[in-house]
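**Student:** The structure is given below, and queries will be raised subsequently.
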Amino acid sequence: MLVKKLAGKGGGRESGSEDPRPLGQRCAGTMPSCTALATLLSVVAVAFCFYLGVKTNDLQARIAALESAKGTPSFHPLSDTVDELKAMVQEKVERLLAQKSYEHMAKIRTAREAPLECNCPAGPPGKRGKRGRRGESGPPGQPGPQGPPGPKGDKGEQGDQGPRMVFPKINHGFLSADQQLIKRRLIKGDQGQAGPPGPPGPPGPRGPPGDTGKDGPRGMPGVPGEPGKPGEQGLMGPLGPPGQKGSIGAPGTPGMDGQKGEPGSPGAAGQSGLPGPKGEPGKEGEKGDAGENGPKGDTGEKGDPGSSAAGIKGEPGESGRPGQKGEPGLPGLPGLPGIKGEPGFIGPQGEPGLPGLPGTKGDRGEAGPPGRGERGDPGAPGPKGKQGESGARGPKGSKGDRGDKGDSGALGPRGPPGQKGDPGATEIIDYNGNLHEALQRITTLTVTGPPGPPGPQGLQGPKGEQGSPGIPGVDGEQGLKGSKGDMGDPGVPGEKGGLGLPGLPGANGVKGEKGDTGLPGPQGPSIIGPPGPPGPHGPPGPMGPHGLPGPKGASGLDGKPGSRGADGPIGPHGPAGPKGERGEKGAMGEPGPRGPYGLPGKDGEPGLDGFPGPRGEKGDLGEKGEKGFRGVKGEKGEPGQPGLDGLDAPCQLGPDGLPMPGCWQK
């Protein structure tokens, strides 16, 4: 079949025709494929066998590990020897013997270590409490979303009759909806009444510039202008002479915590300290509590009576197995705190380290609040300029957009370093571990420093709102630009300013170099504290192995007489005794119970009217009532009167919806 299938794949031969090649050549062509297939199957079988061997070995290792973890010895008859079998059987027999002997032993109940606190379960839930008082009214909530559209209104009244057509006999049905233009040209009604003025439209686009108007009349001379704005910042002047030595400045605000420095190199070995005084001998410890008595052993069996002759001395018995190690006891209570040592001597002050490298430039800070400078003196009036020619009046410009806020100018260069200040106060503040009190004492030092340098110039304030248009003045002649005035004399130095605001915390400086190692301080006196109290008793250890039966005990002494027995049952009643003498008269009895109510009395006469009582106090405010239902929609009102005619020019509306004031006067 294989030969036929291979032969049937030929292009020009039919499926039913046979291959004309001999049988040897045909089989030789299929041998390589069969060999490759057999080789592939062999490789797959070998790989599968290897995989099964690895998995079996892994499974065997896991079973052995599980048996060793659970403590159940595995039984391998091929590898175990006779000695191992004996040891295994002996161990099982001993285990069974110990289990049986433990079952027949007297049960000893250990003392229960119950805690003093109650560990009872939670009780049933209580009854629901009374309703609390009404709380205060909360703040008004946020405005809710817009409600759904209201119901459709009532049908309007019928409109007035429209104008008559010009051609009433013409049927306009032939006109389609797309020929509205023809309708408007053929059917033109009378002019309707003027409608109400519409709302002011949006401002129109900017118109083209108008023609140059005629020269106006010559105006009056203009009002002197306002003093000019301060000029740009001038060049930096030469450095002045160094100022006088300033007083001690106030302590600055604590700076930001610097970054944690790298661990320093180990210091040099200090000088050996003086030997401390010999400590006093410790106090004698308290005597420990007596241990609990061990469980009493079982009574041994009665021995056989011994012979009168002395018995043979037996061999000494084997020593018992050592008991298991008890669990470690709980840690003892912490010892009493030691006596506070005397403060050590203050070491000499180390030499100041070298100044650190300047720090990197920090990020740009946020803009400060705008400064408020004092108003300067009015400048001297300049010379009167010549009257210029009147210029043509330009068109009115549109209102420009508000400009963006400009960036603050850069700070000036850093000034030269000042002279070295006086050394700070060397007051030693012993805070005794209370850092807060130490900081309070630092802040209470009354040291006033010189006033801080003037702050940088504030940013330009925002542009104010547009003022109302003023009275149009007469255009004066444009004067010539005056020459630059001479520099004025320096002003009188002002009074001493107040204390400046504390500056912003500076950027983190570069880590300074390591200072020299200070001299070792003197060694403080060594004080040995008293020994701590003994720790609590540890928990009782586990019960030891069962002891061997003890020897026969001696005959006991006679017991003590027992306690008195319980009373016996009551005997039968005896015969009746003789009649007694007559008794004395008894005492008077207690009053009897209250009798029934009497009949109601007659109605009394009406009494006099009483005086009017005082006016009662004002009652509390009642609770807020529930929200009422929505009212019925009212009837439609009468149509309003026609409004006024619209304005010629659209005016800008204000926030209240009305035109801006003064718009009609333009």
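Start at 1 and count along the chain as shown; that gives each residue its number.
Cβ coordinates come from backbone N, Cα and C, glycine included.
According to Swiss-Prot, the record shows the following:
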REGION    1-24  region 'Disordered'
COMPBIAS  11-21  compositional bias 'Basic and acidic residues'
TRANSMEM  34-54  transmembrane segment
REGION    116-168  region 'Disordered'
COMPBIAS  140-151  compositional bias 'Pro residues'
REGION    181-188  region 'Interaction with amyloid-beta peptide'
REGION    189-428  region 'Disordered'
COMPBIAS  196-208  compositional bias 'Pro residues'
COMPBIAS  230-245  compositional bias 'Low complexity'
DOMAIN    249-308  domain 'Collagen-like 3'
COMPBIAS  280-290  compositional bias 'Basic and acidic residues'
DOMAIN    311-370  domain 'Collagen-like 4'
COMPBIAS  336-358  compositional bias 'Low complexity'
COMPBIAS  361-377  compositional bias 'Basic and acidic residues'
COMPBIAS  398-407  compositional bias 'Basic and acidic residues'
REGION    445-666  region 'Disordered'
DOMAIN    455-514  domain 'Collagen-like 6'
COMPBIAS  457-466  compositional bias 'Low complexity'
COMPBIAS  494-503  compositional bias 'Gly residues'
COMPBIAS  528-543  compositional bias 'Pro residues'
DOMAIN    529-588  domain 'Collagen-like 7'
DOMAIN    589-648  domain 'Collagen-like 8'
COMPBIAS  615-638  compositional bias 'Basic and acidic residues'
**Student:** Just give the helix, strand and coil counts over the domain 'Collagen-like 8' (589-648), going by DSSP.
**Tutor:** 0 helix, 0 strand, 60 coil
**Student:** In the same chain, which residue numbers or ranges, 6 or more beyond the ends of the compositional bias 'Basic and acidic residues' (615-638), come under 8 angstroms Cβ to Cβ?
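**Tutor:** Distant contacts of the compositional bias 'Basic and acidic residues' (615-638): 134, 151, 153-154.
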**Student:** For the transmembrane segment (34-54), could you work out the same-chain residues 6 or more beyond its ends whose Cβ comes under 8 Å from its Cβ atoms?
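**Tutor:** Same-chain contacts beyond the ends: none.
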**Student:** Do you know the DSSP helix, strand and coil residue counts for the compositional bias 'Pro residues' (140-151)?
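**Tutor:** Here the numbers are 0 helix, 0 strand, 12 coil.
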**Student:** What does DSSP give as the helix, strand and coil breakdown of the compositional bias 'Pro residues' (196-208)?
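**Tutor:** In the compositional bias 'Pro residues' (196-208), the DSSP-based counts are 0 helix, 0 strand, 13 coil.
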